[in-house]
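Student: Sharing a structure, written as structure tokens. Questions coming.
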Amino acid sequence: MEVPKDQMSTLLDNGLFDSAQMLGCFLVSSAGANIEASPSLKAEYLVLQGDALFGEKEFRRALNMYKQALQHCKSIPRQATSNSRNSLSTSSRSSSPNSLSVSTINDNEVKFKITLCHCSLNEHRAALVEMEGIPLKARTLRMNLTLGKLYRVYRNNRASIACYKDCLRHCPYILEAVTALAELGVSSKEILLLFSQTPVKSGRLLNDNLDTQRWLNAATHFVWIENGMDAIVGRWCTADVVQRVQRYVEAQCCIASNDYKGGLDIFSELLQRFPNNVHILLETAKVEAIIGRNDEAIMNFEKVRFVDPYVLTYMDENICRPLCIMERKDERRALSFAEKSLRTDDRHIAGYIMKGNLCMSLNRPDTAVTAFRGAQELRADLRSYQGLVRAYLALSKSKEALFTAREAMKVMHQSAKALKLVGDVHASNSSGREKARKFYESALRLEPGFLGAALALADLHVVEGRNKEAVSLLERYLRDWADDSLHVKLAQVFAATNMLSDALSHYQAALRINPQNEAAKKGLERLEKQMKGMDPDAPEEEEEIEAEDAEGDQEDTELL
């Protein structure tokens, strides 16, 4: 059976991979049986069969085909190989594994196909070795993006930055490269400078703002390449595309430098211009989840679901579902979802953070330490530092907690939250409370609206018997922020000083703001007992009976 090669290519072009791989079996076997068939022809058939298998997600078999094709390429004379490269460079075909249909084989393209197979099989080391075998000048835009990701896996940040920069020099709309560079510590100014180095069709570089704007205004769409799949993430009006891209870059750099407020402000500005932009809504929800604003994060996730019910980014097992389950106080079920997300993607930072926080809720600080360290190894940010400090303090490892908090302060310059972390460690020891007070006050001077530091300072005042200072501080903040946690803290101070009516009004105010506030519910229940003249610490009648039964059972056991 003689099979025309172009028929195989037609099947691949139309995504009919099952038929293509069955037809490919005839092609490959006929080439193998024909002794006179040229190595180039055999290699072509093997690559086509590999493309069909890749489309069927049979990555191991596709890998074998591509490797066999490379072996045949080695036996092709150099002149023929050179001609094949030249002919491929003028070809309009894509470099994706399911779309190669040229009369000659480019070994660099085949190496990239091998890389994609290794990536699909999570064999990142083998993928990196294959990619490094492709000469720098022969690498395409997609090759550079893939190589940048692989370098990040193995923490070769300098090489990764070089790859991502090269991507942006060719196309400033690769927002994945923008985010990666921001996370790797490249400033927004340096990233935006790359846009002016983008070549135009004439081959010269864009050296002035006018040419840059002309180039950027030439496109009304930007395409984000994620995991080898193209996804249109937004349509931007050409009149202000330059400014919007710049603001997006600035937002990502703010978030990467732990300036979450600055990043959220810019995203809010972008949402005013593009109110139903799913990508910006998801980015906003992700940051809100990072800083503990779970209610707002869930609200934005739900808004995304309303706009696009089938979107999966950052959602389901990864963040949204565990958050929703946590809101229902089902920590064990939420933990199972967080662990499932890590089995799916062991480089998912939010999954490690979620697991660590849930382990802390379940009083498993040793497991939490492992989870937070996993997140920090991928990318250290405020959440992993906060989690590690809490876990170390729960394990009574004050030295490790202080070292982690100080490291956070060095990494996050001028961060009120990092200052508070150091204060928390000092506050855990009676001899360090004066130092803790100074750190809390410094945090409030740096960020006056930081309620976490205000509450921590109020706690410190109460511990040291300065109840009036605690009340004064909390009332001052309540004048500007109607926050349920402030009301609860003030109610606790009033209850401790026997000012029960004032405590009652503040517990009620907290529940009006947030009816689900567990601390307010428990505090109010305890306060009602005090107001009735009952001992709030006395066990309930049923608990007493159960305790007596347990004692009786123990006595019976001893007698037996």
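Cβ coordinates come from backbone N, Cα and C, glycine included.
When I checked TrEMBL for this same protein, it listed these features:
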COMPBIAS  81-102  compositional bias 'Low complexity'
COMPBIAS  537-560  compositional bias 'Acidic residues'
REGION    77-102  region 'Disordered'
REGION    529-560  region 'Disordered'
REPEAT    484-517  repeat 'TPR'
Student: Which residues of the same chain, at least 6 past either end of the repeat 'TPR' (484-517), have a Cβ under 8 Å from a Cβ in it?
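Tutor: Here the qualifying positions are 451, 454-455, 458-459, 462, 467, 470-471, 474-475, 477-478, 523-524, 526-527, 530-531.
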Student: With DSSP, how much of the repeat 'TPR' (484-517) is helix, how much strand and how much coil, in residues?
Tutor: 27 helix, 0 strand, 7 coil
Student: Compute the average pLDDT of the predicted model within the repeat 'TPR' (484-517).
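Tutor: Here the mean pLDDT over the repeat 'TPR' (484-517) amounts to 90.
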